[in-house]
Amino acid sequence: MTPMDTPDAGADLDRSSRLRRDQVDGDAVAAAASRRFQPWLLGLLGVLMVVFSAPPLVNVVRGWPNKDYGLWYQVGAALRQGYDIYPDPTSGRLFPFMYPPSAAALLGYVSFVGESGTIALLTLAHSIAWLGAIVLSVRLATGGKASGRNPLLYVVPSLCIVALIHNSYMLGQPNMALLTLLLAAFYCLQKGRDGWAGALVATSAAIKAFPILALGYFIYRRKWRASAATVAALAAWLLIVPLPFRTPAQAVRDVKVWTGGMLFTYNSQGIAQRPFRSYSYKNQSIMALAHRFLRDVPADGEAVLSRRTNNFRKERAQMGLHADGSIDLTTILTAPARPANLDKLFEGSADDLKKAWRVNVASLDFRTVTLVTLSAMLGLSLLVVVAMPPARRRTARTDALEFALITLLIVMFSPLSFNYAFVWLIYPITVALNEVLEHPAPAGRRRTLQRAWLATILLIPALAIPMPLYAQAWGNLFVPALLLVLSLGWTLLRVSRDEIDQHGETSLQRHAKPHAAGAGASALSSQAG
């Protein structure tokens, strides 16, 4: 009697086929449930989009201060009128607009529709980007179509950071759009459209510089077409797109001044064009946290200076800064290089800064903290590199984990990662949640610990509710990002080493081969009989 003829073998085959059928039935049930909830989910998303978009639109209609929206329109209008958006370094003035010249050019085009039209288009872009981020996150995380998935994948990631999404609407920040562009680039990489992937990353970097860090990932993965496309497309964004408003010489000048003021300005007082604010509790980048914890710097130096300057309303008005928080960009750009009475605004500020609240646990010097920061960044990068599988062993699952790690590193390594930047957590949270739902740990204590660990990570941002200032100063958004790097990195390492052989097959695929071979042999025997 052959092994295939034994009663136990028949029972095993029947049991294995039943398990596979149950899995298919379970997937069908999940897909049906998802389709049933889909209209409700879309309706809820639509309601939130309308609610979040309403305040900026109401503000512009009533002429109220409108956060950064007003600045975006003024930048576009000023560029069309021929103003230099970036003050000359010799003027001693900070940049009122910190984004790249390509972003200013985009606002120049958009501003043709007027202030109300500009703000309406920007809020619409926020909503489209949010929907795109959800769809692409689910698609990349699951390795298949975005529809028909567990409803939790659509809801939980956005719910965990809904306050940050609301902030991005209120402030007019484009970080959700940047995430959507990056996820679209990852999707293009999977489809072999490397040129499009590079163009999408370049577009993201043209709006706000920090996504250019993805170029390092392209180079490491030897995606040369994507790398070349990134460089070429970004050059076009910076030097060609502004030409309707700037001469070639002015376009080059803008790039030089912006690069010097933003990319190459880093000292003991701050990063780029925001001294003191860049080391404040609002910035949760790895650089800001290192300086806040390891140097004797105020956790909210910007507030100290703001309280002092508020006593000089006349001087502030001369500088284009209004009492209601709004600004007059034209006044800022045409004001004297250095008002004669500017110094008295900051007399005695050093003593006030020394009295400001702090969270540091050490008092190292600037150079030492910089070295510690670079070492930490290098360590995290090496951790991700070690976890990443060789190109020939990549699967949809490893890609999802790998892309999530790259997304986290980019937002953590950006020198300026204010709270709204962490809307980028949508995708890593989706990947982590999908791992818990689709690849759970063995039943029992390990599965409970897996779920509890993820729940703990997702609840850390909520610490800002009882203690908003200190929670942010301690990194209530950076810490979850770091824990996700460690968790997803470990998962990727385990999956790439334990579940994928040298031919790129998972353990489940290898296990299925003997059954398939046995079934084929049985079929041939039946035909022969």
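Just so you know, glycine gets a Cβ as well, placed from its N, Cα and C.
Because TrEMBL annotations are produced automatically, they should be read as predictions rather than curated entries.
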Of the residue ranges 248-271, 368-391, the one that TrEMBL records as transmembrane segment: 368-391
Among ranges 168-187, 228-247, 448-467, whichever one TrEMBL labels transmembrane segment: 448-467
Interface-richest range of 119-138, 196-220, 368-391, 403-427, 448-467 toward the transmembrane segment (473-493), CB pairs under 8 Å: 403-427
The transmembrane segment (119-138) versus listed stretches 40-58, 196-220, 448-467: most Cβ pairs under 8 Å: 40-58
Winner by Cβ pairs under 8 Å against the transmembrane segment (448-467), considering only 40-58, 150-166, 368-391, 403-427: 150-166
Positions whose Cβ lies under 8 angstroms from the transmembrane segment (196-220), at least six residues beyond its ends: 99-100, 102-103, 106, 174-175, 177-178, 181-182, 184-186, 188-189, 226-234, 236-238, 241, 262-263, 385, 406, 409-411, 413-417
Candidate ranges 40-58, 368-391, 403-427 - greatest C-beta contact count to the transmembrane segment (150-166) (under 8 angstroms): 403-427
